[in-house]
Amino acid sequence: MQQKSDNVVSHYVFEAPVRIWHWLTVLCMAVLMVTGYFIGKPLPSVSGEATYLFYMGYIRLIHFSAGMVFTVVLLMRIYWAFVGNRYSRELFIVPVWRKSWWQGVWYEIRWYLFLAKRPSADIGHNPIAQAAMFGYFLMSVFMIITGFALYSEHSQYAIFAPFRYVVEFFYWTGGNSMDIHSWHRLGMWLIGAFVIGHVYMALREDIMSDDTVISTMVNGYRSHKFGKISNKERS
């Protein structure tokens with residue numbers, strides 16, 4: 001879907017399920033990172049009746065619940081990649097075999113380093129954002145696997161039983177569940193670094209380019225002003 005007004009053209013990029021996934025993921029990640037930090041570095045122990053001092057228990061419950069919601073919305077996002085528009089699939093298929101894609105990567109690097117005068121005219125994600133989001137999805141899967149592996153150690157539900165093989169794999173390699181915890185926590189910091197870069201790039205594009213970025217994830221439309229560099233000019 002495309003709309004034109006004066007010298008501005010708008011494309012319907014992000015469908016409602018994609019936008020809902022994005023904002024639910026933002027909420028889940030905020031909850032998971034805060035509660036996960038305190039699980040790794042618990043609050044000081046206090047004596048007394050656990051009924052009134054069950055703070056860490058509530059923190060763990062919130063963390064586990066947010067993790068399950070995070071998993072469900074990610075599965076829904078993967079499903080929508082099959083039934084949604086072309087932009088819903090671009091984050092899962094990075095065309096590294098295309099010369100034009102690498103030309104786009106190089107041009108975006110120059111743009112972010114203030115060496116290019118004009119931004120590119122990407123309707124969906126630019127090549128660097130596409131690669132970064134693909135890496136984020138891989139990290140999300142890693143966090144889900146390691147998180148449920150840790151949860152499976154004290155869960156009696158059969159649905160989590162397959163994740164015990166992850167724990168057994170770490171024991172087989174000479175490690176233990178603490179190693180899983182360390183990798184899971186490292187993943188948290190890596191995702192935190194990704195979030196910082198993601199927010200910076202979104203704000204930067206909204207301010208410095210003629211594209212709408214933040215509002216696109218609200219209403220689904222990306223607007224461009226004419227006169228920007230095209231993909232052909234990158235070469």
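Including glycine, each Cβ sits where the backbone N, Cα and C put it.
On a predicted model such as this, the values are computed, not experimentally measured, just so you know.
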Same side of the membrane, His125 and His224, by Swiss-Prot annotation: yes
Recorded stretch that, among 20-40, 64-84, 186-203, has the most CB pairs under 8 Å to the transmembrane segment (131-151): 186-203
Whole-number mean of pLDDT values that fall within the topological domain 'Cytoplasmic' (1-19): 74
Distant-in-sequence neighbours of the topological domain 'Periplasmic' (41-63), which means Cβ under 8 A and at least six residues beyond its ends: 31-32, 35
